[in-house]
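Okay, so here's the structure we're looking at.
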Amino acid sequence: MGVARGLSAPERRGGEDDMAHEVEHEAGPARVDAAEGSHTDGSHPWSAWRVVVWFGLVSLAADMVYEGARSMYGPLLASLGASALVVGLVTGAGEAMALVLRLVFGPLADRSGRYWSLTVIGYGLTAVCVPLLAVTPFVGAAGLGLAIVLILLERSGKAVRSPSKSALLAHVAGAVGRGRGFGVHKALDQLGAFLGPLLVAGVVALAGGVIWPGMLVLAIPGAAAMLILAMIRRRVPDPSVYDAAAAEPVPEPPAAPQAAAPEPAPELAPEPAAPTPAREQANAAGATRTSGIRGWVGDALGTQLPPEFWRYALAASLTTGGLVTFGIIGFHLTQEGIVPVAAVPVVYAGAMLVEALAALVVGAVYDRVGGSVLYAVPVLVALVPALALGGSLWAVLAGVVVWGAAYGVQDSTVKALVAEVVAPPRRASAYGVFAGVQGVFAIVGGAVAGWLYGRSVPALVVVIALSQLVALVLLVRTVRDTRRRAVPARTT
């Protein structure tokens, strides 16, 4: 059973972490009893908070798998004979696929309605491909090629599942408050990102530095993620049953049943609230949207997005491409003998803690001072290669801290400014295009970083520094233009 008829998300193309998207859905026909919030067949769904937590546990287990493996991609590929160029190209291409393919699977989920199927397939790719990496040392010369295919398939799984999973979760989170619901989910997700590398580190240490047992043990959290996901799907086949609860202004999960829920639909549409000139302009922009295939292609290519968006997308993509992947950092750590192989995941786990903290702190500062806080991102990105690819342990550790901070801001707060330069009717398309442009720069940046690392680290430092200078100039101009437009809007 899927949610094909109960889920109608025409505007949602967001990824796993795109909490800014407000998703509008239709209630399924005769599926929910308005007074009790239960299925009409007599069964009772879980409380909304329970579903949010279980979804979070799926992400926790899946992130243990992915982040645990990601922490060792550099050393694993190196052990199979990969050069720094191959490591950079593969890890960059993996991040690119996770971003670019959302342009395909977001619209596919909306048009087909197969949200559950795509979610299960996406998580399944992660749960299967990562443990299979344990086979690569035993297949001879084919090991490197097999590892590359498995890594890219795993990253494709993220693109397959993220838009659909976000749509399913948006229904349930709406009943508890989307900010709190997605926040709890993200917290559990980050916990998995921390625990996975530690699990791999422990197993690799027990195996005397041999990597493949660390990949194999990740089959356990992978299986747990799939079992929990199957349980949620069986108990809550149609998450749109929580939409009626989302329309009621009840803050806590154990809300008392109401006698009736008259016409909840108007409460589900927050956008038409304030008739400001900016909003009228946004509504007019949405009214001119081209329908059909041409409109879909135009939205995917961003043909009607403003120049400020493209300037900002270029700036953000330069920082994405300029941020050296952890695959190259892990490669450097082991090839230079700076830390034992088993310690690499521990270093990565520390970076995940810094990432989570940076996302929280910079997000809060952004709400107070605006986009100017993002000026720090190019500076952080420029510092990473000079430190993380150095020769001393302390320099590398400092570089990893800077890397974690830059990655955390890129993965969260950087997306917030898109909402300030693009009108509401086109934000879903803008986020898809934004991810696509970032993906292109990720693969180019990974290849360039890997190639230069094998030839001259100082040259790599200079190239990244120059690219971040360009990004900073573009970012400053974008933020200033955004503020100029905001002042008249507030004074009218």
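The first residue you see is number 1, and the count goes up from there.
For all residues, glycine too, the Cβ spot is worked out from N, Cα and C.
On a predicted model such as this, the values are computed, not experimentally measured, just so you know.
For reference, TrEMBL has these:
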COMPBIAS  10-26  compositional bias 'Basic and acidic residues'
COMPBIAS  263-275  compositional bias 'Pro residues'
DOMAIN    49-483  domain 'Major facilitator superfamily (MFS) profile'
REGION    1-26  region 'Disordered'
REGION    245-288  region 'Disordered'
TRANSMEM  48-66  transmembrane segment
TRANSMEM  78-100  transmembrane segment
TRANSMEM  120-153  transmembrane segment
TRANSMEM  187-205  transmembrane segment
TRANSMEM  312-334  transmembrane segment
TRANSMEM  346-366  transmembrane segment
TRANSMEM  373-394  transmembrane segment
TRANSMEM  430-453  transmembrane segment
TRANSMEM  459-476  transmembrane segment
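With respect to Cβ pairs under 8 Å, the transmembrane segment (373-394) is most closely packed against 459-476, considering the stretches 78-100, 187-205, 312-334, 430-453, 459-476.
For the transmembrane segment (459-476), the list of distant contacts is 311-312, 314-316, 318-319, 321-322, 324, 371, 374-375, 377-379, 381-382, 384-386, 389, 448-449, 452-453: same-chain residues at least six beyond its ends, Cβ to Cβ under 8 Å. Sequence-distant residue pairs (6 or more apart) of the transmembrane segment (78-100) and the transmembrane segment (187-205) include fewer than 3 whose Cβ atoms are under 8 Å, leaving the two stretches without contact.
Same-chain residues lying 6+ beyond the ends of the transmembrane segment (312-334) with a Cβ under 8 Å from its Cβ atoms: 70-75, 77-78, 84, 87-88, 90-92, 95, 341, 343-344, 347-348, 351, 377-378, 381-382, 384-385, 388-389, 396, 399-400, 403, 406-407, 410, 414, 417-418, 421, 433-434, 437-438, 440-442, 444-446, 448-450, 453, 464, 467-468, 470-472, 474-475, 478. Note on the transmembrane segment (346-366): residues 67, 70-71, 190, 193-195, 197-198, 201, 326, 330, 333, 339, 373-374, 376, 396-397, 400-401, 403-409, 411-413, 416 of its chain, located 6 or more positions outside it, place their CB under 8 angstroms from a CB of the stretch.
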